[in-house]
Amino acid sequence: MPSAISRGLLLLAGLCYLVFGIMAEDIQVAQVPSQHMPSHKVPRSLAHFAHSMHRVLTQQSNTSNIFFSPVSIATALAMVSLGAKGDTHTQILRSLEFNLTEIAEADIHDGFQNLLHTLNRPHSEHQLTTGNGLFLDQNLKLKEKFSGDVKTLYHAEAFPTNFSNPKEAEKQINAYVEKGTQGKIVDLVKDLGADTVLALVNYIFFRGKWEKPFDVKHTTQEDFHVDANTTVKVPMMKQQGMHKAFHCSTIQSWVLLLDYEGNVTALFLLPDEGKMQHLEETLTPELVFKFLRKTETMPAYVSLPKLSISGTYDLKEVLRDLGITNVFSGAADLSGITEDMPLKISKGLHKALLTIDEEGTEAAAATVLEATRTARPPRLSFNKPFFFLIIDHSTDTPLFVGKVMDPTKK
């Protein structure tokens with residue numbers, strides 16, 4: 001088998017960031033069955049992808065904070081799939097939880113196009129923006145179809161880049177990311193490989209205000225119980241009133257929905273004592289969708305920590321556990337991107353940041369429910385590890401997914 005030098009593609013998501021590089025062998029193209037799937041089903045697949053992603057990250061470390069944007073990572077991968085062939089193509093779309101025997105690929109990309117259009121609509125109540133950038137080596141010629149599709153379907157901007165000067169290329173990409181995330185993510189790209197010829201960048205930025213803000217005067221320093229042996233002091237925000245809150249016996253957790261102004265909701269899950277693992281094993285996307293449909297309210301005292309956390313992940317490790325292996329190896333077939341040279345993803349990076357305070361949030365992812373009512377309003381004190389999702393409920397899209405094990409860890 002003739003050898004070839006591998007050139008790198010860099011992928012950044014949520015920021016999500018992929019680096020492509022050149023490799024050796026040609027892979028036969030496999031035709032994906034093309035059957036109809038309504039584009040509104042894309043968010044449902046993203047919910048299952050978020051669930052799988054969280055499972056993998058928890059397996060890697062069950063004692064660390066987790067925070068990521070499934071929609072950002074999925075968008076970046078979907079763009080790569082436009083230029084992928086054969087098994088490389090199949091692995092990417094399967095990992096995104098699309099059934100390739102039932103879904104026409106055109107419906108998948110149309111679904112992403114509609115979703116991104118919806119998410120980027122101007123809102124007076126909150127700010128939610130996404131963006132996609134292609135940084136191209138000055139000597140790299142993209143295939144016309146790939147170039148047209150990523151611009152039309154994903155509204156990607158193309159930027160000529162001098163990758164022969166890695167420092168200047170890093171500066172250019174980082175400036176784009178910093179601007180898109182309003183200064184929240186800076187200097188993400190470092191040590192850019194000399195073989196990089198293309199960087200694909202996706203970012204998402206959200207700033208929302210609580211529909212019912214917390215009163216700063218009620219915020220006090222209190223204990224957060226990291227585990228049986230560790231306690232840390234954190235500022236706890238407090239609020240008393242009518243809340244969409246209930247206890248779910250299936251996941252053995254309290255469920256609290258806090259709405260932002262606009263179409264975004266935060267879903268907080270507080271497991272019963274010692275039941276975090278049970279929560280993570282039994283929570284399903286279907287249950288999450290049921291939670292979001294709950295409208296009943298009950299009186300409750302809510303205590304929630306102010307926090308600022310982030311997550312930075314090597315996507316090569318995470319995505320391999322989800323079944324995406326070819327695209328990072330010499331078996332990659334990304335011949336739909338360019339014919340100039342064989343490509344593979346040489347680096348993938350995802351970074352997401354979250355801030356929750358009294359005013360709101362700033363972030364750059366089958367059984368009967370039982371509402372427990374008591375004579376006295378329950379105290380929902382999130383003073384121990386908890387799980388949360390931030391969801392655009394007009395589309396049921398998981399924007400961010402997180403688990404707080406220690407709110408003092410940035």
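Cβ atoms are placed via backbone N, Cα and C, with glycine included.
Taking Swiss-Prot as the reference, the stretch among 294-315, 316-337, 360-381 described by the feature region 'RCL' is residues 360-381. Nearest Cα neighbour of Asn99 (N-linked glycosylation site) among the listed glycosylation sites (Asn162, Asn229, Asn263): Asn263. Distances between the Cα of Asn229 (N-linked glycosylation site) and those of the glycosylation sites Asn62, Asn162, Asn263 are shortest for Asn62. Its own atom aside, the Cβ of Asn99 (N-linked glycosylation site) has 12 Cβ atoms within 10 angstroms in the protein chains shown. Here the C-alpha separation of Asn263 (N-linked glycosylation site) and Asn62 (N-linked glycosylation site) works out to 31 Å.
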